[in-house]
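> Handing you a structure now.
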Amino acid sequence: MKWVLREQLNKKQIDHFPEINPIVVQLLHNRGLDTQLEIDQFLTPDYSQDIHDPYLFNQMQAAVDRIFLAKKNKEKVCVFGDYDVDGVTGSAIISTFLAEQGFNYTCYIPHRDREGYGLNEQAVDKIAQTGASLIITVDCGISNGAEIKIAKDKHKIDTIIVDHHDLSKKQPPAVAIVHARLPHENFPYKTLSGGGTAFKLVQGLLRDKSLKYDQAMIESKEKWLLDLVALSTIGDMMPLLGENRTLVKYGLIVLGKTRRLGLQKLMEGAGVDLNQMNTQKVGWHINPRINAAGRLQHANLAYQLIMTDNIEQAIMMSSELNKSNQERQKLTEQYVKEADEQVQKQLAGKNQALIAYNDDWAPGVLGLVAGRLSSRYYRPVYALTKLDNKYVASGRSIAEYNITESLEDNKELFIKYGGHPVACGFSIEEDKLSLFIEQLTKYSQNRLAKMKLEPQIWIDSEIKLIDCNWDLFKFLKDFEPYGGSNEEPLFLIRDLAVTDWQTVGKDSKHLRLYVKQGEVIKKAIAFGLGEWAKDLKIDSRVDIICKIGVNEWNGNRELQITIEDLKLTPVAGQQASIAGKD
């Protein structure tokens, strides 16, 4: 693991903000916040000031007008959403508005394995059979120009696109496109999630003059949607700066007191403390359960859970999602073990890209398998399984390797493919698989063979042990919610003397350290680093990378230094035996 300390401010730059702790000034700078206005907006988000007017979207009015025309004409509306947590919550955001306003509507979420991502012609035909004359796509649609044209030409169905994914070269023939990154788009904030973009559409709808809502009513209705916006934004790992930060900060508050019975029961089953809501709980306990529906069953289950107002259904569906998540965890562990055996041979053969496949793996878990192995070995990984008469795959990558570009060189081999620099998906006929593996091996060798592939850990600031105190912790609380572009700060502390240590946890997996710098002695915990115990001695010198948090148990509360990585450093007259461990 390569340690990289971010560029540190000089004294003159730090002194520009004399009223702020110098460590905090550095953390703010690392997040691109260097003016007083930017700092104030970050540290004290204000919903009324930070949330942009939805009508800054160039085509918002066109979208709103077409939706209300559908109501006037008693048309049926179909909300078509993606099967992940972003698409499911975004679909529920729009559906909630349509239900409250008495629209005739339905929701269609495609099957992850059988239909794949985005609109497809068969889905359009099914939607036409329901009598719908307007489709609103959520978290998809921008790359479905052909399907949207079929909907219009074959079935006289209009489409409104609500999306945030990469743009196609040619815009689809939709009646309106709500997308922050369209060419010449006036909406200033460009990194909304799919659900966040759906929320902006509902904001626009709530402000339509036909509803005659005053500002208090508008804000009341939209704020009760923020629980879903938070799940969406965190689930799609969007940057938690600017408008997203404010949406998530308030959204976590709403999630802690959500009115949605299904979410209440889901969080209850997951053991989530509603009074301690944060992005970690969402990312580790709530969103995986919502995603489990699409991975192993059908995402409709998660959508219905969010939308239900029936307590018995909420209990039943939340129990089903908890079971699906447990199965997903079990399968992930099993598949990772099986895949690891395959890639070990490839690593021994100096392969740069790793490929694992098994005809019996569940397609919905492939991305998790690829991601786990990519993190473990710092290599691009492709995981495949057989589905009907073809293979389907998910890939996960590293910074040095654009995994979607690796497919474009052989695009004629694929039935379907797509993705972005660090994640991809594709399907391929069985008889072309061996050629693909051969071509991919050559491609990855050419791209990566001469590189030293080593994961990096980025450090925010170098501090002293004495700086690990409650005052700094209180400052760090203002940086929450943590997430994309605002990860929990990592600190470097050099030249600590080890005064005592012990392994803790099952199989002595973790390490508790007591370290000293000057006259200051502190306790620290290193999860998953118990193997270091055999290399330590009294007065061993270590450098550590750590986080500063709090540990609460049985009503007690203590500051906690959590070690993410450590290295033994030379003591006078002695060479360090270990330079660092992954």
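Cβ atoms are placed via backbone N, Cα and C, with glycine included.
Just so you know, TrEMBL annotations are computer predictions that nobody has curated.
Computed from a predicted structure; not experimentally measured.
According to TrEMBL, the record shows the following:
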- 76-232: domain 'DDH' (DOMAIN)
- 352-443: domain 'DHHA1' (DOMAIN)
- 459-565: domain 'RecJ OB' (DOMAIN)
> May I have the DSSP-based helix, strand and coil counts for the residues of the domain 'RecJ OB' (459-565)?
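Final tally across the stretch: 20 helix, 58 strand, 29 coil.
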> If you run through the domain 'DHHA1' (352-443) with DSSP, how many residues end up as helix, strand and coil?
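Helix, strand, coil within the domain 'DHHA1' (352-443): 38 helix, 32 strand, 22 coil.
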> Return the average pLDDT for the domain 'RecJ OB' (459-565) as a whole number.
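Within the domain 'RecJ OB' (459-565), the model's average pLDDT equals 95.
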